[in-house]
Amino acid sequence: MTLDDLFTVRGSAANIANIRNLKAIQITIASPENIREWSYGEVKKPETINYRTFKPERDGLFCAKIFGPVKDYECNCGKYKRMKHRGIVCEKCGVEVIASKVRRERMGHIELAAPVAHIWFLKTLPSKIGTLLDMTMADLEKVLYFDSYIVLDPGSTNLTKMQVISEDQYLQVIDHYGEDALTVGMGAEAVRSLLEELNLEELRVQLREESQATKSQTKKKKLTKRLKIVEAFLESNNKPEWMVMEVIPVIPPELRPLVPLDGGRFATSDLNDLYRRVINRNNRLKRLMELGAPDIIIRNEKRMLQEAVDALFDNGRRGRAITGTNGRPLKSLSDMIKGKQGRFRQNLLGKRVDYSGRSVIVVGPKLKLHQCGLPKKMALELFKPFIYSELEKRGLASTIKSAKKMVEREELVVWDILEEVVREYPIMLNRAPTLHRLGIQSFEPLLVEGKAIQLHPLVCSAYNADFDGDQMAVHVPLSVEAQIECRVLMMSTNNILSPANGSPVIVPSQDIVLGLYYMTVDRSFEKGENMSFCAPWEVVAAYDAGVVALHARINVRMEDGKVVRTTVGRILVWELLPHCVPFSMVNTTLTKKNIARLVSTAYRDAGTKATVILCDRLKDVGYEYATRAGVTIAVKDLTIPSTKKGLIETAQNEVDDIERQYRDGIITRTEKYNKVVDVWTKATQDVSNEMIREISSDIVEDPRTGAKEANSSFNSIYMMSTSGARGNQDQMRQLAGMRGLMAKPSGEIIETPITSSFREGLSVLQYFTSTHGARKGLADTALKTANSGYLTRRLVDVVQDVIVSEHDCGTVDGIELTHIKEGGEIKIPLADRALGRVLLYPVYDPETRDLLFPENTLVDENVAKVLVEREVSSVMIRSALTCQSDRGICTLCYGRDLARGHIVNIGETVGIIAAQSIGEPGTQLTMRTFHIGGTASREIERSSFEAQHPGRVILSRVKAVRNRDGQYMVMGKSGQLAIVDDQGREREKYTLPNGSRLLVTEGEEIRKGQILAEWDPFNEPFVSEVDGVIRFSDIVEGKTFQEKMDEATRMTTQTIIEYRTTNFRPSISICDEHGEVKMRGNNIPATYSLPVGAIIMVKNGQDLQAGDIIARKPRETSKTKDIVGGLPRVAELFEVRKPKDMAVVSEIAGIVTYAGETKGKRKLVVTPEIGEAKEYLVPKGKHITVTDGDFVEAGDLLTEGHPELHDILRTRGEKYLARYLTDEIQEVYRFQGVAIDDKHIEVIVRQMLKKVTVLDPGGTTFLVGEQVDKGEFRVENTRAMGEGRTPATAEPLVLGITQASLTTSSFISAASFQETTKVLTEASLRGKMDYLRGLKENVIVGRLIPAGTGYREYVNTDILVPEQRERPDKFLEDLEENPLLVDIY
């Protein structure tokens, strides 16, 4: 089936079956014969329609003879009318009597008087015609646009074939050799004849030989590029000369319509203007040729024809775009298909649909989770056809017309019928932007008065909806299959868990949380305190009777016979829960986190139905008690801490001290800045803590005895914040504590904090300082929303064809998971990371070596619990990264479907879910940056390591010297300190910073909380390893260092500055008394090079002891961290861009030594134990992070900055790169408190690593440097080995997501993504086949997607259902047995 057939499919059953059986679509270059074959006649005139009769002109652009009749079954002159003459061709006007819709599919053509080059093959870089003829673009354009001649046959002259010569050169050659001595050509004709002469078979052999013979890499690259195009032509049966056209197609007139407007004017498609231009110029050229006009005039006309055709195909690609009457560039054929408004994205991937409507949403607190309120008026419009058919069926209306009238009159019976039609008919609700799949869910409609859609409050978080004027769209699924999918898959009750991380997304929030928190708080001396009850029901009765108060602490015997200490409110909540949830889950104050845990437990243990019922009950009770509590905000709730004044004064004194030190020259400006910011951060934190302390507890007095007791506060703001209903400590601090430090738009923190709170009011200066942060937030929001949406689009495109395709791929490879530690503390335990994954190898008990779990076990909550109990510290799991499936991923490598809680089904679109999970929070976070209001959210710098466990110290690769105070100073950065327990298991591990003081020794037994090492967080010291005398070298004032005198202090510091000349190398050596440089560890001279910004702490010639500090370098000034920095970082990683601050990476393991400098760059040498040393050049001003004599592993960073991903891949391999990418991206999201499962990132990284670069093609058909799909590479190599040829070798390759999307095997998917013309040009040249395996391609050709319920193996499966006997309805019995599980659903 050709593309042509696809787009001319009529609605007959045979054709629809045809489209279903469509196997693939191929795109090739159209030959002139093809174009003539498509055509129904030649368009000879530029006329469109007759201005008097409005009928199309004959042989014009709208000619009825060529394209078909304007009116159904009526010829142009009116001789034949109606169906009876069908198929007759009118002898008078030549029009076939047929349906007018053929004007949508019949094409015409224009025979060109001179050949014309196709602009796509000429201008798409690299130019296809240019590469094939081995000509530069400039030369080719000169020839095509009649600027220069090209030699076709040099004859007896000294010119070479295909040499480009100007008019003057040509005249000189003719003068010299005579006119017949050579043949030259100009324009597309010449290019066409050169293309015709090419013998591609010979050219292929010749290029292959040249490529093997040459040593030059650039030449090899050039030859390979040319060879690729030659091979493409040979394999696709395209002919090179077809890139130059002698006939062009004219698209059907209905696709470029001419529409009459009121007032006798016409609106026309731009294409008509472009076609008219071509026809006019073509006709003029024909006439000039017939008249035998001078050569120069004909040449000019040919050039104009070439330009007109260029504009038709791609206006504006070359030269200035042709504009219409209003100065707007005309829309060419290329513009029709590319971009957001093009055919692909506007009409094929996104369509407007019937049976839909939109309205404002309001909250529906009385709804059940599976319901939504649908306005009656809206329902009437949406369900009209159903109502018509029902009216007819009941005999209330005889025809559809009368039914229509009844509905328009809104008769009473219509509303009754509407009720019935709508009952249990699922409808879909969608809120834009639909960032993840929970943005469309289905509900059962309840008809409501008014015009607003009512939405259940618990689904708001999934939609990210609020009721400040948001609108939502309603869609009605029509077919039975669609309704079943809505009910079974999309119903809100089936979407309780988030696909991004598997935690519940249907979780009570705001008022409900506040109500539940209020219910479960306890309070001293309440009515009925210390009463004992025999069962929970008795508590409820006592409460209803007013015997006990809601917050009273009481004793209750539970069903298992145990007596528990609890409160009345908690028992009331317990009554709502499914019985399998333990009482301990509610015997606590219910905050938002606890409620989420409760819902999650209920889902895992009691199932979906019980959870849905629980959520609805929690919602009702929460609202009721929030109303009863009457929690509200008043100004006096904002209590300003009494100690605030003192804290601020203390901080101010510290800052004054720091300023004084700065004035005395003891510290530099950067240090001062860092310290001041730190003091204020700490002060703000202290004020905040004081405020929370004061606001968080109340003193309650017993009215009878007068006894007093501190209780959890009932302050409204505190309750809202603590419960997680609204607001956080940060906002409370700004309201009642102090606003704290603010950030400038550049991200720097302003040193002066705002010491007032909103309650006290801000001064003018403070208000002005605040505006910085606020405005930055607003600007960021606007910019980043677009950025984030674009990131999501790229992510979706790269993984859109990743589907779960089989159960087990049989891989023996996987990845190792361990705890994620930060500074020695476990940040994310192994059990959390392994949850929902499948074990690759069996897991054994670390102590007894007993088998705990066999391979291929899914790690669920129970398995994870055992891993924690047995203290398993590492497991090997299966991962998407190591899955061997040829297409998609297998079930076992993916693991659990996070949104459903069971192992993933075959056919699940895990790729798109991964893209949505990563993209969605990006948008959310960018929209939320300004919530912190730019208040500097900066953590206080860490300056020591503290033991988290008792144990024994083990030091590795630690070099330390003892200073004059007897303390050990750590040298270098490769030293590590670990703590092991009695069993020899490593409990924590720290990398010791350079210059830190080590406070423990090897093998020392330590206790928990002991300080292990400490350091100056603001400065990095350079510590001497040996005693001796200081000798400066290249430390020259004004050249390499500057004495910076502080105006205020009159003190000077010597700071190393950027030095212009290359031969300076400031360093400090330590010499003996004879002036010889001493040696330190590893036999390296004791010379310390000083980076830019280092501050010298010693004088030339001074005596020095080991462990003394020679110089210090202030650490970087801190900027506020914000996802705004994070989003570009995520995009940078996914796009594999070169980081701005690129680090130098060591490719081998070995010892680092400094080796002087060359060409203005510093040289580092890494010497391995065996093998050759490797040199690295580090640019000036880049800070080297390793010290002389350090040991580095392959892939370790030698300088500060981020490593380039290609370097990581080369030095450490795919697995490490995948882990690095996952960790770096998670870092950004985790910082913002967003949980995304690792597997989503892995799915995307898998797509980035799906290709390899061929190093040696061996006996295969690959080319050197070609990028090949891993699957394809494996298949080809297996085939080659089977036939006794040498297999190819390749190295892994990492592609950015845009690149990976554009190099996908489906050209339809790639074309609809970006660079449409380029993708289509390449694909047509290669005669590419698209096998329609992804989702996008199938949507574009109008089929069901091959995933989910449309997964091909499901669609082609017949299911036999055995007959079942009808069973009597047991509903009432069930109800009696267990009233909790049977509900009014």
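In case you wondered, yes, glycine gets a Cβ from its N, Cα and C as well.
When other Cβ atoms within 10 Å of the Cβ of CYS77 (Zn(2+) 1 binding site) are tallied across all protein chains shown, the result is 13. The Zn(2+) 1 binding site annotation in Swiss-Prot covers CYS75, CYS77, CYS90, CYS93.
The Mg(2+) binding site feature in Swiss-Prot is assigned to ASP466, ASP468, ASP470. Sequence-distant neighbours of ASP466 (Mg(2+) binding site) (same chain, 6+ apart, CB under 8 A from its CB) are CYS460.
Residues near CYS890 (Zn(2+) 2 binding site) in space but far in sequence (CB under 8 A, at least 6 apart, same chain), listed by position: VAL804, SER805, GLU806, HIS807, ASP808, CYS809, CYS883, GLN884. According to Swiss-Prot, the feature Zn(2+) 2 binding site maps to CYS809, CYS883, CYS890, CYS893.
Looking only at Cα atoms, CYS75 (Zn(2+) 1 binding site) sits nearest to ASP470 among the binding-site residues ASP468, ASP470, CYS893. Considering only the binding-site residues CYS77, CYS93, CYS893, ASP470 (Mg(2+) binding site) has CYS893 as its nearest partner by CA-CA distance. Taking the C-alpha atom of ASP468 (Mg(2+) binding site) as reference, the shortest distance to any of the binding-site residues CYS90, CYS93, CYS893 belongs to CYS893. Of all Cβ atoms in the protein chains displayed, 5 besides its own lie within 10 Å of the Cβ of ASP468 (Mg(2+) binding site). In the three-state DSSP reading, ASP468 (Mg(2+) binding site) counts as coil. According to its DSSP assignment, CYS77 (Zn(2+) 1 binding site) is coil. For CYS93 (Zn(2+) 1 binding site), other Cβ atoms within 10 Å of its Cβ number 17.
Remark: of the binding-site residues CYS90, CYS893, the most isolated position is CYS90 (fewest other Cβ atoms within 10 Å of its Cβ). When each of the binding-site residues CYS75, CYS809, CYS883 is scored by how many other Cβ atoms sit within 10 Å of its Cβ, CYS809 comes out lowest. Apart from ASP466, ASP468, ASP470, the residues listed for Mg(2+), the same chain places the Cβ atoms of ILE361, ALA465, PHE467, GLY469 within 8 Å of the centroid of those Cβ atoms. Taking the C-alpha positions, the distance from CYS77 (Zn(2+) 1 binding site) to CYS893 (Zn(2+) 2 binding site) comes to 70 Å. Excluding CYS75, CYS77, CYS90, CYS93 themselves, the residues of that chain whose CB lies within 8 A of the CB mean position for the Zn(2+) 1 site are, in sequence, ALA64, ASN76, GLY78, LYS79, TYR80, LYS92, GLY94, VAL95.
Each residue contributes its Cα atom, and for CYS93 (Zn(2+) 1 binding site) and CYS893 (Zn(2+) 2 binding site) these two points are 68 Å apart.
Rounded to a whole value, the Cα-Cα separation of CYS90 (Zn(2+) 1 binding site) and CYS893 (Zn(2+) 2 binding site) is 67 Å.
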